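**Student:** Please find one structure pasted underneath; my questions will follow.
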Amino acid sequence: MLRVAMVDVPHVAHQATGRARMRRAPKAPRRFLANVCAGLGGCELRRLLRSCGRPPRSALRVSRRRARPQLGRRLAREGFHLSPSPLSADGFFINVQETLSCQAPLLGHSLMHHSGEVYGQEATSTLPIESLRAVAEQTFGDQPLCVLDLCAAPGSKASQVASQLHIDLLVANEPQKTRAALLQANLLRAGVSEALILSMDGTRIGAIMPNAFDVVLVDAPCSGEGNIRKDPSAWDRWAHNDHPQQLQSRLNLQKDLMSSGWQALRPGGLLVYSTCTLNHEENERQCCQLQEQGAQVVRLDEQLVPSTPEGFLRVWPHWLDVEGFFVACFYKETTHVDPAAQMDCLSLGKMGFRRLKTSEVAGLQERVLQELHFSLPPGIPVMDKEEDVFLLTKRLPLLQKLLPHTLLPGIRLLSKQQISKELRLVAGGNLSSEEWLDLYKSAGGGLGASSLSLKSAVDAPTAWKAFQEMKQQRLEPDIVSYNTLLNAFAKDSDGAGAQEVFNEMTDVSVTPGVVSFSVLIEAHARAGHRKAAEQAFRIMQELGLQPNEVTYTALLRARLLSGDLLGAEDLQNELNVVGYTLLIDAYARVGNVEKAEAAVDALSMNAAPNLATYTALMKAYSRAHQLQGAEAVMSRMKAQGLEPNSITYVTLIAAHGKAKSLQRAEELYKEQGPNLASATAMIGAYGRLASSQPKPPANSVRAKDAERAQGVFDELCAQTVRPDAICCRQLSQALTGARPQSERK
């Protein structure tokens, strides 16, 4: 990639103090530094550039409408552990349960995501609605609100409005039809029945519906400089010759959207303006222009982040290790508006609807309750000319003016006398992931629904089939779709298949990014194609793409699986927790405790070792026959607040079994409780001890050990756990070792 007039920030060398050097020297155009970062001191600028070189932190928001009990535990069972976000009451960072794979589980695979219980949303993206919620409670009290989201797709903030505010109607707009359909499907999946989806130029809404909304959201299209972690090209645009013209075009659009939103806002209402960019032109300058129209700034709560002198919220990436964001809130001074001018409305008949009779409404309510265990939300049930039944908002004057621009006049209740899929999606219930996805597709999920199907595929052939179905629907796969397909082949250890997908990306002009190369390297590594993995890494660097920790971890796997431990050690300073754990596990396989401990120390300088890391270290002590060291690792683990899992217990049980320390192995087995892994380890410990006893024609000690092994096996079966082949083989060896030589076959 061509870079013009860039500033390099020097590397920080890896020293004996343990401070890790940076993966790369961040680069930023001088024009960007001069215009955006002029107010940052040298130290703070350095912190910003360091922060922007790190991978983005995954986050989600819990839906108050959808969330069911034990959500945290259910997410944990799928490998997701949550830590609270300081920016939202419902927001959480996703701490993926680290395994020896650099391919983390995807939130889009989970049933909780499909059912709308959680929404993948960056932490700072929740700030506009969190800020609004605090102000709205003081301004409106318990009054149900009429809200306009002027730039709503794909629906993160619109669904957050429905989750956190008391709304009567949510009008969500997206000018592109396909994205508007996705917006509609996302809101239905989130259980939002009060939404009216528009597909029109947002700059025209104010003229059509002046003084109509209590709240207006303008999450404006912007240059996205705050998203540098996931879009490295965001800063590069400042180096392009046409950047001033491109910036001015965005500024004009933002100004027009804000003016339209301000016109649509009723006196006494609130307007929230937000961007994910960092420059003053798209943020403070636009706010000043709105103030010239009479907007009064509402100072936002500094409990979230420190506000600017003007009362706005500006989040820099290095403050909280998040994406950059800007939020401002304005109040429209109360003036007299003639209510008669707002009440002129055609009859339902002239709008093309017939209002259902009271008896018809009662029958419909009973049917929906019986079939879906769901009560119809407030509204006006009507039938159109095709005899489909819709639930209209009670704000008919507003609906009348917006009707020509809506996807649907309201939520469809019946289609051809059958309960609609839209209503089934809103009602939810105990559906499988496949059923959720089917409803989501039928409700207009489009590329988003197909992408979810792709993410939910259990293997590469299933993912490939979903990918082909996406193209058959004339949906154009984006880079996320291709990366998801690559990930499926990587999980199946199919390097050749992943390479074909990667080649197709380039053939159709979808430019591979860092994630694409990282997953390709992982696929070749798992397939044992060291040469192909190294070649992909070299090509990535030649293209100017900077490898991240996941990339280096995938390359590490390729070198380890090829037996090149020295080559793997060369990558040590570039690794994340998973990479260090893989390296420690490699040391464990050869019983090199000293190097395993050194790797743990190096990791601890920058991140906390996790459960898998300590378990790999414990394995190193076990392989080196150092029981005290293995036990000490268990103590260190607990001191860090980590709860040992079955793999940890099995590792320690097996270590004591090999050392014939049966009493301690039994204590650990009782502490862990019977499961397939621990029972197999315990049976192996008894079998090993039985085989080591003297071999007279009959030996009561050996027979007793065999009986104990049989007892563990029986206990496992009593737990309705089906023993596998390894468990049965361990038992067979224990029983065979206990029989006299003359009885063995």
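In case you wondered, yes, glycine gets a Cβ from its N, Cα and C as well.
From TrEMBL, for reference:
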type     : residues                                                                       : note
ACT_SITE : Cys276                                                                         : active site, nucleophile
BINDING  : Cys151, Ala152, Ala153, Pro154, Gly155, Ser156, Lys157, Glu174, Asp201, Asp219 : S-adenosyl-L-methionine binding site
DOMAIN   : 48-333                                                                         : domain 'SAM-dependent MTase RsmB/NOP-type'
REPEAT   : 478-512                                                                        : repeat 'PPR'
REPEAT   : 513-547                                                                        : repeat 'PPR'
REPEAT   : 610-644                                                                        : repeat 'PPR'
**Student:** Using DSSP, what is the helix/strand/coil residue split across the repeat 'PPR' (478-512)?
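**Tutor:** In the repeat 'PPR' (478-512), the DSSP-based counts are 26 helix, 0 strand, 9 coil.
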**Student:** Given Lys157 (S-adenosyl-L-methionine binding site) and the residue listed as 'active site, nucleophile', what distance in Å do their CA atoms have, once rounded to a whole number?
**Tutor:** 13
**Student:** The repeat 'PPR' (513-547): which same-chain residues, six or more beyond its ends, come within Cβ distance under 8 Å?
**Tutor:** 1, 3, 23-24, 53, 102-103, 232, 479, 482-483, 486-487, 489-491, 493-499, 502, 505, 554-555, 557-559, 561-562, 564, 574
**Student:** Name, in the order they occur in the sequence, the residues of the same chain whose CB lies under 8 A from the CB of Ala153 (S-adenosyl-L-methionine binding site) and which sit 6 or more residues away.
**Tutor:** Glu174, Gln176, Arg179, Ala180, Leu182, Leu183
**Student:** Quick one: pull the CA-CA distance for Gly155 (S-adenosyl-L-methionine binding site) versus Cys276 (active site, nucleophile), whole Å only.
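**Tutor:** The separation of the Cα atoms works out to 16 Å.
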**Student:** Quick one: of Cys151, Cys276, which of the recorded positions has the smallest count of other CB atoms within 10 A?
**Tutor:** Cys151
**Student:** Which residue counts does DSSP yield for the repeat 'PPR' (610-644) in the helix, strand and coil classes, in that order?
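**Tutor:** Residue counts in helix, strand and coil order: 26 helix, 0 strand, 9 coil.
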**Student:** By a simple count, how many Cβ atoms lie within 10 Å of the Cβ of Gly155 (S-adenosyl-L-methionine binding site), its own Cβ left out?
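**Tutor:** Around the Cβ of Gly155 (S-adenosyl-L-methionine binding site), 29 other Cβ atoms lie within 10 Å.
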**Student:** When secondary structure is assigned with DSSP, how many helix, strand and coil residues does the repeat 'PPR' (513-547) contain?
**Tutor:** 26 helix, 0 strand, 9 coil
**Student:** Please give me the CB contact count at 10 A for Asp201 (S-adenosyl-L-methionine binding site), counting all chains in the structure.
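**Tutor:** So the number of other Cβ atoms within 10 Å of Asp201 (S-adenosyl-L-methionine binding site) is 13.
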**Student:** Report, in whole Å, the straight Cα-to-Cα distance of Cys151 (S-adenosyl-L-methionine binding site) from Cys276 (active site, nucleophile).
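**Tutor:** Distance between the two Cα atoms comes out at 13 Å.
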**Student:** Just how many other Cβ atoms lie inside 10 Å of the Cβ on Lys157 (S-adenosyl-L-methionine binding site)?
**Tutor:** 24
